[in-house]
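Peer 1: First the structure, then my questions, so here it is.
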Amino acid sequence: MTSHGEEIEDEQISRIEKGNCKDSQGGMETAICSSPSIVCLTQKLIAEMIGTYFIIFSGCGVVVVNVLYGGTITFPGICVTWGLIVMVMIYSTGHISGAHFNPAVTVTFAVFRRFPWYQVPLYIGAQLTGSLLASLTLRLMFNVTPKAFFGTTPTDSSGQALVAEIIISFLLMFVISGVATDSRATGELAGIAVGMTIILNVFVAGPISGASMNPARSLGPAIVMGRYKGIWVYIVGPFVGIFAGGFVYNFMRFTDKPLRELTKSASFLRSVAQKDNASKSDG
């Protein structure tokens, strides 16, 4: 049996696929932020490209600076930089494109019917373009030595790196699903929550795999620098982890009602039960 809410969601998705988007008050949120007005696809693609560009430029750039200038940034500084730039770009472009910046996130949103499939290849193309341009910019700006490679390669075995990428990608998408697609969450804090998750993930998995969580983050530097060692890890790992994170959260989310509505209903039922018990005792 199909619920009324599911019927409404299917209708909204059909409108989006036809280009008839609805705003955040009456429509479906497709990612980190929702826009109050219709935004043409070209603007969304430009926002995705610019957002991905500055994420790669800042995150990978700080890695290069740290190596070339004697470790002045330090590992904690690198972790914080990645989280901050993701947070900044979410708040800067989320209301335009949804702030995916990640092919695996885009595909997962589409799989769970929160993003139109026809836009998926266009979004992925914009994300890869942003990553390639940022990587090319860094190569032109700095004398990038093999030691200062700003891509991602497994530190030890590919198996260890794969496990690390799956776990941290799972956590990333689990958080994104919670703060971006659940109407009960506080959407204004989405950027902070996702940024903090990035910081934690880089702290934990950075020494093992480089903490990519994003095929675009790894493919751009690999293509520009011509280094493809273990690149499959950074395609398979994020896709598996992000899909699993989205699946688990969607499995857990049993209702779309805000918490205040659930608590009101619970209070009402308790009052009815108390009155019923009181009437029985009087009788």
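Yeah, the Cβs are placed from backbone N, Cα and C, and that goes for glycine too.
Pulled these from Swiss-Prot:
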- 1-21: compositional bias 'Basic and acidic residues' (COMPBIAS)
- MET1: N-acetylmethionine (MOD_RES)
- SER267: phosphoserine (MOD_RES)
- 1-23: region 'Disordered' (REGION)
- 51-71: transmembrane segment (TRANSMEM)
- 77-97: transmembrane segment (TRANSMEM)
- 120-140: transmembrane segment (TRANSMEM)
- 161-181: transmembrane segment (TRANSMEM)
- 189-209: transmembrane segment (TRANSMEM)
- 231-251: transmembrane segment (TRANSMEM)
Peer 1: Is the number of Cβ-Cβ pairs under 8 Å between the transmembrane segment (189-209) and the transmembrane segment (77-97) three or more, considering only pairs separated by 6 or more positions?
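Peer 2: The answer is yes, given that the two segments have at least 3 Cβ pairs within the 8 Å cut-off.
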Peer 1: Apart from its near flanks, which chain residues at least 6 from the ends of the transmembrane segment (77-97) lie with a Cβ under 8 angstroms of it?
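Peer 2: Non-local partners: 31-36, 39, 43-45, 47-48, 50-51, 54-55, 58-59, 62-63, 66, 123, 190-192, 194-199, 202-203, 206, 211.
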Peer 1: Under 8 Å between C-beta atoms and at least six residues away from its ends: which parts of the chain pack against the transmembrane segment (51-71)?
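Peer 2: 77-78, 81-82, 85-86, 88-89, 92-93, 97, 99, 101, 126-127, 129-131, 133-135, 137-138, 141-145, 147-148, 150-151, 216-217, 220-221.
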Peer 1: Under an 8 Å Cβ to Cβ limit, what residues of the same chain, 6 or more beyond the ends of the transmembrane segment (161-181), are close to it?
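Peer 2: For the transmembrane segment (161-181), the nonlocal Cβ contacts are 29, 31-33, 104-105, 108, 114, 154-155, 187, 189-190, 193-194, 197-198, 200-201, 204-205, 208-213, 230, 233-234, 236-246, 248-250, 253.
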